[in-house]
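Visitor: The structure's right below; bear with me while I get my questions together.
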Amino acid sequence: MRKADLVVGVQWGDEGKGKIVDMLGLNYDMICRSQGGHNAGHTIWVDGVRYALHLVPSGILHKNIINIIGNGVVVSPEVLITEMAQFDNLEGRLYISDKAHLNLSYHSQVDQAKERLKGEKAIGTTGKGIGPTYADKISRSGHRVGELLEPERLCDALMHDFETNKPVFDALGVKIPEENELLEELKRYKEVLAPFIANTTNLVWKALDEDKKVLLEGAQGTLLDIDHGTYPYVTSSNTISAGACTGLGLNPKEIGKVIGVIKAYTTRVGHGPFPTEDKGTNGDKMCEIGKEFGTTTGRRRRCGWFDAVSVKYASRLDGVDTYALMKLDVLDGFEVVKICKAYQYNGETIDYVPTDLENATPIYEELAGWDSVKGISRYEDLPANARAYIERIEELTGVKVGYISTSPERSDTIIR
């Protein structure tokens, strides 16, 4: 039986997973999304055209690939329908798990209200209602995509939920829809989405049993994992490679090659510890050149130097076999580039990620910069200093770099 390969982000998300999945997708029969919701965003450039995807897997740009939204994803029908409208002839190419949980408008209202109440202690969520949706799932009070096939029954269940939660909703200022409006909305969702709702676990199993090539597409990044990330400044799902198993119904033996996606520098959206953040001109330069604004929220990403300590930690959690190094071109023209090789922590030098990362100070190694890597298609033709930078990352993390992106375009990728 063939195993499924996995692409996973190894930093705080926004590493460039979409480009890698889109590039590798031509070699696969099926591409699967396993967790997260429309708080995640993949940006793909093809022939100068920008595609921003939030729920639909990146393989949708390839006509012969089956795309799966797995049970671990939380699905906003409204967002999904809007996103699907960008593409033609999706039947037979896109399937949504009937076990995936529904993210509805009241979830985002709850999310935003709670963030406002936290004031300065706000986590900095996207406000898309992802956390409240997963909270409903864990408390066994959520609703699943398969329930859209019976809109009247789902409407009754939701109205009962609204009544039960009315004191909380009133306190938070959540607007509860009228029953007739809700029913019409659910009927519309059914009309559009019914042909795509399926038992996706069986579809993935069948593909593997038939020796089809399957690629799993992670969302966000390992350092945002609900258990192993910088809690509480994390997302609400398991973003590590093991999350792909629970989010699709696979066992660990069915995971093959793990490709860890890393950016040549580091970015983070929202609040939370970020040891290598550069709040000066270098960070501003990375943001400007790298166009570091969120695909989902448009928020400016915090930027800083490459952190080999956190990447090594995340790579161990994910079982990374090889790296895809993205946005190397953004560092073009820097006279000096830095890599964090250790932390100063409570008076000691450490080479691991402590639970309270906010108390860690980076210890940097400085390397000489380079002029430009744009348009280079062979590793040997990269500037010597760029190669030295890549090879030092490999030495510090213990993982080889197999792919190097030198521009947003699909074609500008070096394969070693």
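The first residue you see is number 1, and the count goes up from there.
Glycine is treated like the rest: Cβ placed from N, Cα and C.
Below are the features I grabbed from Swiss-Prot:
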type     : residues                                                                                       : note
BINDING  : 13-19, 41-43, Arg301, 327-329, 405-407                                                         : GTP binding site
BINDING  : Asp14, Gly41                                                                                   : Mg(2+) binding site
BINDING  : Asp14, Glu15, Gly16, Lys17, Asn39, Ala40, Gly41, His42, Thr126, Arg140, Gln220, Thr235, Arg299 : IMP binding site
ACT_SITE : Asp14                                                                                          : active site, proton acceptor
ACT_SITE : His42                                                                                          : active site, proton donor
BINDING  : Thr295, Thr296, Thr297, Gly298, Arg299, Arg300, Arg301                                         : substrate binding site
Visitor: I need the most crowded of these recorded positions: His42, Arg299, Arg300. Count other C-beta atoms within 10 angstroms of each C-beta and give me the top one.
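Guide: The residue with the densest Cβ neighbourhood is His42.
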Visitor: What Cα-Cα separation, expressed in whole Å, is found between Thr406 (GTP binding site) and Asp14 (Mg(2+) binding site)?
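Guide: Each residue's Cα considered, Thr406 (GTP binding site) and Asp14 (Mg(2+) binding site) end up 16 Å apart.
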Visitor: Tally every other Cβ atom lying within 10 Å of the Cβ atom of Gly41 (Mg(2+) binding site).
Guide: 21
Visitor: In Å, rounded, how far does the Cα of Gly41 (Mg(2+) binding site) sit from the Cα of Gln220 (IMP binding site)?
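Guide: One finds 8 Å between the Cα atoms of these residues.
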Visitor: A 10 Å Cβ contact count, applied to the binding-site residues Gly13, Gly16, Gly298: which residue has the minimum?
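Guide: So among Gly13, Gly16, Gly298, the binding-site residues given, the one with the fewest Cβ atoms within 10 Å is Gly298.
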Visitor: For Asp14 (Mg(2+) binding site), find which of the recorded positions His42, Thr43, Gln220, Arg299, Arg301, Leu328 come within 10 Å, Cα to Cα.
Guide: His42, Thr43, Gln220, Arg301
Visitor: Of all the binding-site residues given, namely Thr126, Gln220, Arg300, Leu328, which is spatially nearest to the residue listed as 'active site, proton donor' at the Cα level?
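Guide: It is Gln220, whose Cα lies nearest.
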Visitor: For the binding-site residues listed here (Thr43, Thr406), tell me which residue's CB has the most neighbouring CB atoms inside 10 Å.
Guide: Thr406
Visitor: The record names Asp14, Glu15, Gly16, Lys17, Asn39, Ala40, Gly41, His42, Thr126, Arg140, Gln220, Thr235, Arg299 as the residues that bind IMP; what is their largest Cα to Cα distance in Å?
Guide: 34
